[in-house]
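The structure follows.
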Amino acid sequence: MASRLKAHVITREVAPGPDLLFSAKTCHSLICRKFSRKVIELVDNFLKEIFVFRHVRKATKRSASDSDCIAEKYSSHCLSRSAIPILTARRTTMRASAIPRPTEPLPNTLTTGRHSTLGHTGCPTLKKPIGSLPRVATAAKPLATTSRAGSTSSARSTTLRSSTVANKTIAAPTARTSNMARAVPVSSRPPSEVASLKSEITKLKEELKTREEQLKLTSEVLEMQKTNLTHSNAQLENAKIKLDLVESFKITLEEQLKVLKENMQQKTAHNEEMCQQLNEKEAILRKLHNDVVDMRGQIRVAVRVRPMLKTEEESSNDGIEYPAVNAIAINQGTRKGTTLMFEKVFTPLFSQKDVFVNIEDFILSALHGYNVGLIAFGQTGSGKTHTMRGGDAEEEEGIIPRAATFLFRESKKLEATGWKFEFSLSFLEIYNNEAYDLLNNHAAVKLRLVNQTVTLDGLSDHPLAKQSEIGSLLRTADKNRKTAATKCNEYSSRSHAIYMWKIKAHQQATGISTSSMLKLVDLAGSERAKESGVIGQQFKEMTNINQSLSVLQKCISLQKSKSQHVPYRDSKLTQVLMDCLGAGNSKTMVVVNINPCNDQATESKRSIEFASKMRDTHIGSAVQQRDLY
Ligand SMILES: Nc1ncnc2c1ncn2[C@@H]1O[C@H](COP(=O)(O)OP(=O)(O)OP(=O)(O)O)[C@@H](O)[C@H]1O
């Protein structure tokens, strides 16, 4: 422990000369030799002052000459001669790292007495154990030439060190020794040295002042930084508060989002359920609708009696009676006609719109995926073209343009339930038992009958994206269709016109796809050569018209009698209409047009009797035309 209690107080670290060493042993010796309290106090003060000096010097970089002043102070009058030998000096090298920090407690008081623990547990005169005081690196210059006096001290000075003692002993005279007299006071130093020291002091003072200013500046900067730090801390606090708010807001939003998601999921599920129910109900509705249509008859027949024309004012029209809403009887003079029942009887009072409203359900079946045929039948001039094509004015529009409007309107409604539709149009004319394309410069169309199915080679197909596109197509067809003036009709159709709609439908949800066909047929009118007064080409036309209509009637009659062979092949007209007449799976409606004039009663009666036959013709239930994949 004693070795740890060394107190190295180095004066020569600041001034050239030998180092002064107070070892634990020295202190111990000092006390054991019963130095007076005064001496010990002096040593104590010296130690303190040197300690303070070291710290101040470290902080202010004071010069070595200041330490000389301290040494001089003590050497001049403080330590007794007997103590000097104890304060031996020796050269010591101290590590810079061992320099005590300014916070290190100062040595306080040395104690005297035999029972001191100095040398065993540490120096009791110092608050910090002496041994813990560091060594300080020093230069090796002699402190003063007078230090040799210390080496000649009394017999009690036993710890003088080696050969360097004479040069290294600090001038530390005591009051009791004559060595004091040998100490060199400042006043006795050479003037040059004093001037140098003073200059050094002045420099030190200036440096101290500079340092103090720097310290002040640094303090101000520190203060500013403290203020900034406080400000930053306040900002940080604010940011933390905001972050907390944002966090809580985020949590609230997340909770709301969660609730919304749950609601959305529930509503989506509910929606899907509703859609499914809607689809199911729509399917049921369709089936019911088609069942109702099917129950009305195999070939549905309606009769339309046109009004009297201005050219017919001289004729009478009292021969036709309407015993019931769906009944008609045509009298021939005084002979009462048979009352016949039909799907519908349209009197001359029925407008174009009224007629269409009564048959639109039938056309709707085409959107539902069924093949549908609507045929206008009747003698020449009875109003077939008027019923099917109509006039240019909106209220005069016939079934063909109204069907276009209806199909687009209804398809939009069905699109709400997930259906998508594609429409395309083809217009075919059968003139003199040959087929032509009414939308392609009257190009010839070749009919091929394979397995009860007719293929129309060369017939152009025109996609229809908008309802407004139908107008130009109809005008083209009107222009290409053969008409001529006859005695019976100023604009008599000399051909059969078939307006064909191809309808493709697809529903994403159910995966159902259908391809159906709607045929709107404006037949040429049957006529008698005598009445129509046609000759030449028109006679040939009339013959072909009558022949094709005769085959049509024959096919319907044989279909009704469930004959094994129905001669559809005998005419191009019956080949094209085969699927509407019983060989296929179409829903078919025939509108029989009647001339109201009494003088046409025979022909009108023949027409309704044929219509009645058609009504009884079984053509089988229509089948939805689903696409198979
Ligand atoms: N319901 C009606 N209301 C008013 N006019 C009509 C009606 N039906 C037909 N007409 C008129 O009667 C005339 C003959 O009609 P339309 O040309 O349609 O007969 P059609 O049966 O087609 O004759 P064809 O077989 O010779 O072509 C036309 O002038 C037409 O405008």
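Cβ atoms here come from the backbone N, Cα and C positions, even for glycine.
From TrEMBL, here are the annotated features:
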REGION    99-125  region 'Disordered'
COMPBIAS  106-119  compositional bias 'Polar residues'
REGION    143-162  region 'Disordered'
COMPBIAS  144-162  compositional bias 'Low complexity'
COILED    194-225  coiled coil
COILED    250-291  coiled coil
DOMAIN    298-617  domain 'Kinesin motor'
BINDING   G378, Q379, T380, G381, S382, G383, K384, T385  ATP binding site
Identify which of the following binding-site residues, namely Q379, T380, G381, G383, place a Cβ less than 6 Å away from any atom of ligand 1, and list them by sequence position.
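The binding-site residues passing the 6 Å Cβ test are T380, G381, G383.
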Tally every other Cβ atom lying within 10 Å of the Cβ atom of T380 (ATP binding site).
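Excluding its own Cβ, T380 (ATP binding site) sees 25 Cβ atoms within 10 Å.
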Within 10 Å of the Cβ of T385 (ATP binding site), how many other Cβ atoms can be counted across all chains shown?
25
S382 (ATP binding site) has how many other Cβ neighbours within 10 Å of its own Cβ?
27
What number of additional C-beta atoms lies within 10 angstroms of the C-beta atom of G378 (ATP binding site)?
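G378 (ATP binding site): 27 neighbouring Cβ atoms within 10 Å.
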Would you mind checking how many other C-beta atoms are within 10 angstroms of the C-beta on G383 (ATP binding site)?
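Within a 10 Å radius of the Cβ of G383 (ATP binding site) lie 25 other Cβ atoms.
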